[in-house]
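Please read the structure below before turning to the comments.
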Amino acid sequence: MASTKRRLNREESSVVLGEEQVAELKEAFELFDKDRTGFIKKDALKTTCKQFGVFVMEDQLDAMFAEADTTKSGAIGFPEFMSMMSRRMKQTSNEQILMNAFKTFDPEGNGYILTKDLSKALTTLGDKLTEAELQELLSISENEQKQVKYDLFVNTLFSKK
């Protein structure tokens, strides 16, 4: 599974941020740097993420912070914060693109797509998966009715575990 996730997440680089986004991130960082040390702690990070529409689970937050806190000091400065948020914003964007693509295969709007439709799309369109990669993904996401709940599928693809 890890190799498939790496392949699907291979663009780990940060999003190029515009001046306005950098200014917004700086403003948010300063807002949560209450003691004006130039650093924020993990508890302030969750609030900052929500402000930017980046919703994360606690374990994801722990992983994001651990990755950004390269000095293991328990706090991150603005450059680390900006890099981390940029990567997360890119991931969120990619997740949304994939969710929207899956919705086209869900005419009933019930959150499920047929395994055969997903298989065809992932092995014939765009950056094609191999049969082995496809089977690896389906093994964790297919239900008894030969359907895939696509929000769970997308979350699995983009999780860092």
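Here the Cβ of each residue, glycine as well, is placed from N, Cα and C on the backbone.
Annotated in Swiss-Prot:
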- Ser13: phosphoserine (MOD_RES)
- Ser14: phosphoserine (MOD_RES)
- 20-55: domain 'EF-hand 1' (DOMAIN)
- 56-91: domain 'EF-hand 2' (DOMAIN)
- 93-128: domain 'EF-hand 3' (DOMAIN)
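Same-chain residues lying 6 or more positions outside the domain 'EF-hand 1' (20-55) and placing a CB less than 8 Å from one of its CB atoms are 61-62, 64-65, 73-78, 81-82, 85, 88-89, 92. Model confidence over the domain 'EF-hand 3' (93-128) is summarised by a mean pLDDT of 79. Summarised by DSSP class, the composition of the domain 'EF-hand 3' (93-128) is 21 helix, 3 strand, 12 coil. According to DSSP, the domain 'EF-hand 2' (56-91) comprises 25 helix, 3 strand, 8 coil.
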